[in-house]
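Reading through the structure tokens given below for one structure.
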Amino acid sequence: MESGDVSRMTLLLMKLFFRGHLFSRENMNLSKWSFVILTVMFSVWIPTSADSLTDLEFVKSPTTVISSLGKPVTLQCKLNGKGSEDVESPDVIWLKDGVPLEHAENNQYQVLTGSNSRTIISTLRIEKVQLPDMGYYKCAVRSGSNETFSDEGGIQLEGLPHFSLEPYHMTVVANVSFSLHCAAHGPPEPVRVIWLQDGHPLNKPRAIHVVSSSHLDVSFLCPGLNRTSTFSCEAQNRKGVASSRSGTITVLPNKPQDVRAVEITQSALHLSWEPGFGGTYQIVNCSVQAKHSGESIIAGPHQLIHNQTVSMPRSSHIIKDLEPHTLYAVRVACHSSQGPSDWSPWVELRTKEGVPENPPANVTAKLNGTEVLVMWEQPSGKLNGQLQGYMVEYSTPVVVNTGLGTEFAINLSVPLSNVSFRVCAYTGAGQGPWAPIQTLTLNVPGEEAFEPMMESGELVVRYRARRSYSRRTTEATLNSLGISDELKQKLQDVMVDRHKLTLGKTLGEGEFGSVMEGLLTQEEFVLKVAVKTMKIAICTRSEMEDFLREAACMKEFDHPNVMRLLGVCLQTVESEGYPSPVVILPYMKHGDLHSYLLYSRLGDCPVYLPSQMLVKFMTDIARGMEYLSNKNFIHRDLAARNCMLNENMNVCVADFGLSKKIYNGDYYRQGRISKMPVKWIAIESLADRVYTTKSDVWSFGVTMWEIATRGQTPYPGVENSEIYDYLRQGNRLKQPPDCLDSIYSLMFSCWLLSPKDRPSFESLRCELEKALEDLPDPQDPDEILYVNMDESSMELGAVGGRDPTGRSSPLCLKGLESVTTVEVHHPNRYVLCPQHETNRTLSDSMESLDMPVSSSTATLPLQSSCHSTPNRTPTVELLEDRNGSKKMPWQ
């Protein structure tokens with residue numbers, strides 16, 4: 001291989017090496033070891049043959065060129081040498097700052113100046129000079145072992161400043177510090193940089209910090225911006241002024257603070273927050289997101305269970321339809337016209353406990369000697385809380401808390417005709433749904449109608465009917481009365497076969513009817529009920545249709561403070577042309593409200609009822625009456641005697657609707673006013689026998705007065721026959737001694753002369769709820785008790801009376817030798833019995849709980865109106881929650 005070829009190959013390898021490993025236009029500095037390698041390769045590249053040119057000498061070196069950015073620049077060097085024509089000229093290498101140029105546009109040619117001499121010219125051209133092109137340039141050539149270098153020239157640039165850092169678009173939070181950077185360079189130096197905000201130079205030297213003559217760092221420290229602005233910078237040197245690009249700084253609101261729940265229920269979270277400061281821009285809306293705690297939303301917004309925008313200025317929101325006892329995470333972001341804030345941190349909130357979704361599963365029972373062993377399994381589905389135990393109710397009726405156990409034994413040592421039982425689970429929020437009632441009927445001598453059997457491990461109750469009855473009996477009765485087909489269709493779930501009703505002892509009796517204990521045989525169980533008869537005769541088919549049509553309407557009522565109508569049956573009375581109606585009602589454990597109030601005040605051991613409990617009673621009645629008035633239903637006989645207390649000490653409005661014949665018929669016209677409850681009737685109803693919802697409001701005010709006085713008789717000393725004139729003279733019931741002014745003002749508004757001026761039940765309910773909420777807790781809760789009108793082993797009565805089951809104590813009024821008993825259950829309140837009855841003790845009039853069962857074909861008896869009503873010393877109990885802590889009945 002000739003020396004020229006070797007030289008060219010060496011040069012090629014050196015260029016490849018430089019291109020891949022050593023330097024480029026952007027990086028001209030070589031490490032120490034790179035330069036050593038370069039020197040070795042350069043020495044290899046230089047031709048060393050004897051045929052090289054001699055006497056090489058640069059006659060022209062690169063000059064120093066001063067130019068501007070983007071302009072073309074040309075550098076040139078010349079050298080002379082001696083040698084024959086067949087000697088190849090060496091390549092001229094350009095070096096910048098001592099480093100060979102790799103991608104230089106180098107043009108080299110030679111001119112023969114004689115037979116043995118030549119001139120080599122090498123030109124370096126840069127089309128658009130840039131800042132990295134500035135530096136020192138020279139040429140190099142080697143002949144033999146001699147190295148020849150030209151003198152150094154250079155490229156210098158001068159012009160408008162050049163920006164290496166410029167502002168850019170960014171978002172910041174209102175009134176929070178941030179930084180912007182701008183850097184400009186010459187030549188020529190020095191370069192002066194100024195900042196502009198929205199096109200106007202900044203005049204805040206304190207906000208400008210100069211790093212160097214060519215680099216400016218501007219920091220807006222405090223308080224930051226409160227409006228969106230555009231920033232740019234200008235750089236100036238002696239060549240002129242250059243402007244940078246503009247950067248828009250968008251001011252967004254701060255993220256919301258204090259995200260919290262102001263109210264938590266089983267199915268909702270009521271959130272509130274403080275929107276962040278948005279500068280000069282108003283917050284227009286906020287977005288609220290919720291997810292199940294622990295879930296990621298990276299997969300997408302479908303992981304969210306709630307994503308809603310709330311318009312301002314409201315900074316609260318209710319997330320509904322949540323699951324009980326579930327941990328959720330919520331966050332909030334607010335928007336101004338400039339854009340959204342950052343999201344607040346996730347806040348975890350747990351909904352309150354709910355009741356179990358389903359009843360206990362697989363409820364079974366089996367006979368075990370003198371016990372019935374009831375067994376069940378944990379409810380399926382969601383518990384909606386922490387399972388705390390189970391409740392078993394059986395037909396004595398008794399409710400037993402079994403804890404977390406899943407079986408319970410019912411002792412049969414006391415003979416029973418049947419045992420009905422059901423089971424429910426409960427959490428801290430209360431009881432879940434009851435499992436379906438199961439009835440086990442035992443063999444009773446002379447009354448064998450059921451027998452328990454076990455089939456496939458489950459309890460089966462088989463019924464052997466002595467007589468067969470069907471709905472055809474009721475249908476035949478309705479057909480005989482000429483009832484329309486449309487009404488008969490509505491009465492499908494109202495009419496009860498008389499033969500399914502077994503009557504027991506009389507619980508109470510009044511002027512217009514009596515209340516008796518009864519058992520209603522259903523398809524799967526026997527239900528203890530209260531049976532109310534009416535002494536009002538129905539004389540025409542129209543009256544019967546009105547009665548049954550109203551019963552069908554009442555059957556649809558469903559409100560916790562309104563007594564349900566279980567059904568109606570018709571009893572044939574031989575002396576009357578039409579059957580007598582019999583109303584079937586739920587058995588109410590604690591009896592009527594008036595008796596409850598009376599016993600708390602006049603019993604052997606009087607118990608003070610606090611204002612909280614009394615106002616709670618009023619509120620319950622107002623809620624029930626609001627429901628009835630919204631149904632366009634008029635009560636006509638609202639009084640404490642017609643309000644019942646259920647097992648939870650809640651008041652249920654009773655005796656409504658079906659009693660309207662009493663006030664519209666002959667009983668009112670034929671001189672019977674002495675037997676009417678005129679002290680509860682509105683003044684316009686006394687005058688014109690017109691009944692409206694506002695006349696019920698009048699009666700409600702009197703009922704409030706009864707409650708406030710703990711059962712006293714309204715208008716003491718005023719006869720029934722005088723009450724109308726007494727009211728027309730402007731007289732009203734006086735404020736009870738310990739009655740709150742606000743409560744008396746409310747009841748007084750019910751007695752305004754004009755019905756349209758009286759408040760609605762909705763308004764009364766709202767005011768009473770507010771009054772109840774504003775009442776303070778009793779100072780000594782251990783002494784604020786409720787009256788339990790039975791002993792620990794006994795039950796209270798049902799609608800209209802009591803249900804004593806054991807020994808009784810005579811009514812004892814201290815200081816009196818003889819006692820005249822009074823009837824407290826009928827509408828005229830206190831009716832003196834004949835003198836020969838006054839020496840009877842209460843025990844003489846009591847009947848055993850094990851009542852004799854009447855024949856299923858017997859006619860409902862109507863008891864004598866004068867008999868003693870048993871009184872019992874009130875016992876005292878505190879309501880106790882699941883955790884064993886005491887609480888008031890109204891809490």
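Even glycines carry a Cβ here, placed using N, Cα and C.
Automatic, uncurated: that is what TrEMBL annotation is.
Keep in mind that what you see is a predicted model, and the values were worked out from it rather than measured.
Positions annotated as domain 'Ig-like' by TrEMBL: 47-150 (among others). Summarised as a single figure, the pLDDT of the domain 'Ig-like' (47-150) averages 85.
For 161-250 (among others), the entry in TrEMBL reads domain 'Ig-like'.
The domain 'Fibronectin type-III' annotation in TrEMBL covers 255-354 (among others).
The annotation domain 'Fibronectin type-III' is assigned in TrEMBL to 359-447 (among others).
Annotation source TrEMBL lists domain 'Protein kinase' at 501-772.
Every protein chain shown contributes to the tally, and the Cβ of K532 (ATP binding site) ends up with 26 other Cβ atoms within 10 Å. Secondary structure from DSSP puts K532 (ATP binding site) in a beta strand. The ATP binding site annotation in TrEMBL covers K532, R641.
According to TrEMBL, the feature active site, proton acceptor maps to D637. In the three-state DSSP scheme, D637 (active site, proton acceptor) falls into the coil class.
Cβ-based neighbour count (10 Å, all protein chains) for N642 (Mg(2+) binding site) stands at 26. When secondary structure is read from DSSP and collapsed to three states, N642 (Mg(2+) binding site) falls in the helix class. If you look up TrEMBL, you'll see N642, D655 marked as Mg(2+) binding site.
Among the features that TrEMBL reports, region 'Disordered' is placed at 851-891.
Marked as compositional bias 'Polar residues' by TrEMBL: 853-874.
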Counted with DSSP (H/G/I as helix, E/B as strand, rest coil), the domain 'Ig-like' (47-150) has 3 helix, 60 strand, 41 coil
Here the Cα-Cα span from N642 (Mg(2+) binding site) to K532 (ATP binding site), rounded to a whole number of angstrom, reaches 12
Students should find that the Cα atoms of R641 (ATP binding site) and D655 (Mg(2+) binding site) sit apart, in Å rounded to an integer, by 9
Cβ density check for D655 (Mg(2+) binding site), other Cβ within 10 Å (all protein chains) comes to 27
Whole-Å Cα distance, D637 (active site, proton acceptor) to D655 (Mg(2+) binding site), is 7
Secondary structure split (DSSP) over the domain 'Fibronectin type-III' (255-354) reads 3 helix, 48 strand, 49 coil
